[in-house]
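What follows is a short report on a single structure.
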Amino acid sequence: MVKSHIGSWILVLFVAMWSDVGLCKKRPKPGGGWNTGGSRYPGQGSPGGNRYPPQGAGGWGQPHGGGWGQPHGGGWGQPHGGGWGQPHGGGGWGQGGTHNQWNKPSKPKTNMKHVAGAAAAGAVVGGLGGYMLGSAMSRPLIHFGNDYEDRYYRENMYRYPNQVYYRPVDQYSNQNNFVHDCVNITVKQHTVTTTTKGENFTETDIKIMERVVEQMCITQYQRESQAYYQRGASVILFSSPPVILLISFLIFLIVG
């Protein structure tokens, strides 16, 4: 009896949700038709007036009233009166005293491909050929089995890397493969970078560096593995049918 009531409520819930979605309609956007709000072309209702040669009171070729080629009245090609292409007056083509000018330089458009490329590059800042650069770590305290190497490490630990290069953990079958690859690329990259600065490494340096980087790579693997499994658990949790049904019911209560 209880199961039948629960099934009925679930059925009513989904019917109500689909009915509510079906009744929703798009509202028409406010505003007029095409080209409302004034013309965008010069000389048609724009605040700067007509952009073509003015036709004043005088006739064509007359000495007054703005005739074509005349010294007064703002004629076409004259130094006064705001004629076409003139340095004075209002409403001249290409002048600073009007709005909506033809030759106003357009603002540079942002290239979306460049933006997307920059975003992608920022995701692996410091990366190297498909490898990611881990966060800085404190150099581990390691005992090498003899006093000389222990003392050498304490005195020279600043010369060794405090970050490691690695690939995502899902590209490896086990921890050993991850650590092996991580140690090789990190030691190689640090050695090349340091050598170009004029500093060389001895055999003792390489031996100690490999041990130090190995411990750091193990730590990096543990961090990445934990984060990877947590992401996977979250996806499984929110994709289960009971959780989806519960979320749908809560959304229905909020919207309804």
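Glycine residues also receive a Cβ, built from the backbone N, Cα and C atoms like all the rest.
Going by Swiss-Prot, these are the annotated features:
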type	residues	note
BINDING	His72, Gly73, Gly74	Cu(2+) 2 binding site
DISULFID	Cys182-Cys217	disulfide bond
CARBOHYD	Asn184	N-linked glycosylation site
CARBOHYD	Asn200	N-linked glycosylation site
LIPID	Ala233	GPI-anchor amidated alanine
REGION	28-110	region 'Disordered'
REGION	54-95	region '5 X 8 AA tandem repeats of P-H-G-G-G-W-G-Q'
REPEAT	54-62	repeat '1'
REPEAT	63-70	repeat '2'
REPEAT	71-78	repeat '3'
REPEAT	79-86	repeat '4'
REPEAT	87-95	repeat '5'
SIGNAL	1-24	signal peptide
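Overlay of Swiss-Prot annotations on the structure.
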| residue | record | Cβ within 10 Å |
| --- | --- | --- |
| Cys182 | disulfide bond | 24 |
| Asn184 | N-linked glycosylation site | 14 |
| Asn200 | N-linked glycosylation site | 8 |
| Cys217 | disulfide bond | 24 |
Checklist line | Integer Cα-Cα distance in angstrom, Cys182 (disulfide bond) to Asn200 (N-linked glycosylation site) | finding: 22
